[in-house]
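Quick look at what TrEMBL lists:
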- Ser155: active site, nucleophile (ACT_SITE)
- Asp296: active site (ACT_SITE)
- His330: active site (ACT_SITE)
- 63-323: domain 'AB hydrolase-1' (DOMAIN)
- 1-23: signal peptide (SIGNAL)
Amino acid sequence: MRSFKSGLCAALLIIAQMGMVHAASYPAAVEGEWTASSFTFHTGEKLDNLRMSYVTVGDPKNPAVLFLHGTNRPASDMLGKDFAGVLFGPGQPLDASKYYIIAPDGIGVGKSSKPSDGLRMKFPQYNYTDMVQAQYRLLTEGLGIKHLRLVMGNSMGGMQTWMWGQSWPDMMDALVPMASQPTAMSARNWILRRMMIESIKQDPAWNEGNYSSPPPSLRMANVMFGFGTSGGTLAYQALAPTRAQADKLVDERLAAPLPGDANDFIYQWQSSADYDPAPQLSAIKAPVLAINSADDERNPPETGTMQASLAKLKNARLVLIPASAETRGHGTTNMARFYAEPLGEFMKATARP
């Protein structure tokens with residue numbers, strides 16, 4: 001028995017050490033903050049000081065990679081094992097010993113300026129154009145970045161990656177928009193966003209944004225939207241093949257912590273309303289590697305809109321991850337193992353001589 005226990009302890013120690021090595025396989029992340037003075041929004045509204053928080057990984061002397069996060073997810077989300085653990089280590093596609101990776105918190109998200117700082121519903125109405133402009137100012141004015149090796153984004157960040165490519169076409173070597181399409185916000189993607197926003201606004205407890213405690217509708221809206229627009233059909237069938245298991249999944253989601261502040265939440269999702277890079281798509285010069293999942297509920301490939309859009313670009317291709325019980329619909333691209341290989345090949349193909 002003693003021998004078994006000793007062997008078990010040794011095995012656990014080795015596993016723990018492996019975990020420590022894995023966790024330390026890329027440079028430690030550094031948090032930063034910069035303030036954009038006199039920021040003017042697309043509505044004409046202004047903030048004297050717009051706070052922009054960000055996370056960096058790597059040496060500022062190395063070529064810069066910009067990563068843009070999804071809606072209401074902070075920049076630090078990229079540091080998880082399923083993303084950074086697959087991409088940032090030695091020899092991996094975005095090896096942080098070779099690249100300087102920058103991930104800003106968008107307006108309204110994380111530690112950047114947002115309605116819950118105090119202005120509530122009097123906070124300027126921002127859209128993706130404002131968010132991209134703030135990111136640009138952070139990089140150029142705050143961090144002194146003049147050129148980007150890569151712009152890469154997921155979901156909302158994917159949509160903003162298309163915008164970066166057409167707004168500053170000569171600033172980057174390559175673009176990797178994920179879980180997105182370069183087409184107008186519409187159809188089910190917008191319908192369910194609109195329903196989520198309205199379900200909170202029509203809750204008496206929201207009180208025009210002047211609530212003292214979170215309105216109950218916030219939790220319900222978030223859970224319903226999550227089930228309806230992310231997760232994957234095959235994955236949900238595997239996770240909840242019976243009503244009892246489905247009920248358990250619902251109960252777990254309803255018991256989870258709130259997704260944040262209700263006013264912040266409304267602004268975050270409303271910001272996508274006028275997204276439409278299609279008219280200026282031809283302005284993109286950088287090579288594009290678009291990555292989507294075949295079971296993406298928000299960007300269903302069967303519409304053909306992505307293929308039609310890519311046909312307008314000189315150098316673009318689509319990696320469509322096949323649906324399976326392992327994918328997660330719109331959430332699939334959070335797991336870099338599904339596309340690390342084509343991303344690595346793309347980085348080599350777009351490297352400067």
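Note: Cβ is positioned from N, Cα and C throughout, glycine not excepted.
Bear in mind that TrEMBL entries carry predicted annotations, made automatically and left uncurated.
Comparing His330 (active site) with Asp296 (active site), their Cα atoms are 4 Å apart once rounded. Distance noted between the C-alpha atoms of Asp296 (active site) and Ser155 (active site, nucleophile) is 10 Å. Per-residue confidence over the domain 'AB hydrolase-1' (63-323) averages 98 (mean pLDDT, predicted model). For the recorded site, Asp296 (active site), the DSSP three-state label reads coil.
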